[in-house]
Amino acid sequence: MGKPRGLRTARKHVNHRRDQRWADKDYKKAHLGTRWKANPFGGASHAKGIVLEKVGVEAKQPNSAIRKCVRVQLIKNGKKITAFVPRDGSLNYIEENDEVLVAGFGRKGHAVGDIPGVRFKVVKVANVSLLALYKEKKERPRS
């Protein structure tokens, strides 16, 4: 049975198109409201949090490495996430109970590369850019 044809089939076409849209992954994501329910950031691009602990995440096969990450509890809703710390030696600038700014990490909410389950990265530590600390342009504020 093909699609209905004829003069009075417009309503049928419109209704069928409306139903079929839900099969499109991007349409469903945009219209179900899961962006606010499932996303720890609640639809925002960045979020602040407190560092709970430093963790090493093992890279997926065929790579062999321990990727340096931190467990962060978000201030806005108390959710706990794992965030990647980019660049070599940057973990030394982060201590437990520091306030960090966390951003998304590529791929529309999916894990990136060989780091399983890590969807966020650290951008700032104690209100100072992690890149500036790494390049030694700025120092950590004395507490």
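The backbone N, Cα and C atoms fix where each Cβ goes, glycine too.
Residue annotated by Swiss-Prot as 3-hydroxyproline (from the set PRO62, PRO116): PRO62.
For PRO62 (3-hydroxyproline), the number of other Cβ atoms no farther than 10 Å from its own Cβ, over all displayed protein chains, is 6.
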